[in-house]
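As written in TrEMBL, here are the features:
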DOMAIN    20-221  domain 'Cytochrome b561'
TRANSMEM  12-36  transmembrane segment
TRANSMEM  56-76  transmembrane segment
TRANSMEM  88-107  transmembrane segment
TRANSMEM  127-149  transmembrane segment
TRANSMEM  161-180  transmembrane segment
TRANSMEM  200-220  transmembrane segment
Amino acid sequence: AMDGASPPTSPTGLSACVAVSQLLGLTLLATTGAWLGRYRGGVAWHSPLQFNAHPLCMVLGMVFLQGDALLVYRVFRHEAKRSTKALHALLHGLALLIALVGIIAVFESHRTKGIPDMYSLHSWCGMATFVLYLLQWFLGCGFFLFPSASFSLRGWYKPQHIFFGITLFILSIACCLLGITEMLLFKISDSYSHFVPEGILANTLGVLLVAFGLVVGYVLTREEWKRPPLAEELALSMDFKTLTEGESPGG
């Protein structure tokens, strides 16, 4: 920045909405931990409590970290694009890794207890979402973080990448809601309709998941809150197009 110039600021309301999203995210993680700790015995690997790692990892990875990865381009508006891309990919990669731990936990728990795998709507939708999320991450890295595609191909793929990114975030929350309902029906089916504390707490977790998704979605869809391209990014984009498409900068 030039001497005497005021530092760049975020658009009105953006910082407040991002802060609300993080407060909701941390609250839903705390609520998940409270539910599993207070009513389901906690979390432990290679024990009857191994299954409980599944909901914890899915809420942490497929919802909270995925949501934060989507917000990267709104929060880091004036940093170098390459660094922002790397952080975006890193958070998504970490979300995938944590989700994988959760998937391993549920399969191992089922095997130990003799429970069939992949028979419920939750498991079908959840596995499809994870596989598509993994594919989305690989394609995103290939097209944008380590670009080898032409300028025109990258331009075509970018809207698809954005669409599927938001869609997979929505699907992840929907799968969590299915999982919460399924777990409650398995564990407290006889008392769930009597408004028992565990049912109320788990329902509250579901409401927090929806609220987190709505706030993140609101931030992502506000057109005026999109990350503005820096001057050097515009120049690099023009040079890249010239090299890959054979066009002149003024063409």
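Using the three backbone atoms N, Cα and C, a Cβ is placed for every residue, glycine included.
Of the recorded ranges 12-36, 56-76, 88-107, 127-149, 161-180, the transmembrane segment (200-220) has the largest number of C-beta contacts under 8 angstroms with 12-36. Nonlocal intrachain contacts for the transmembrane segment (12-36), taken as residues 6+ away from its ends with a CB within less than 8 angstroms of a stretch CB, comprise 42-43, 52, 55-56, 59-60, 63-64, 67-68, 71, 74-75, 198, 201-202, 204-205, 208-209, 211-212, 215-216, 218-219, 222, 225.
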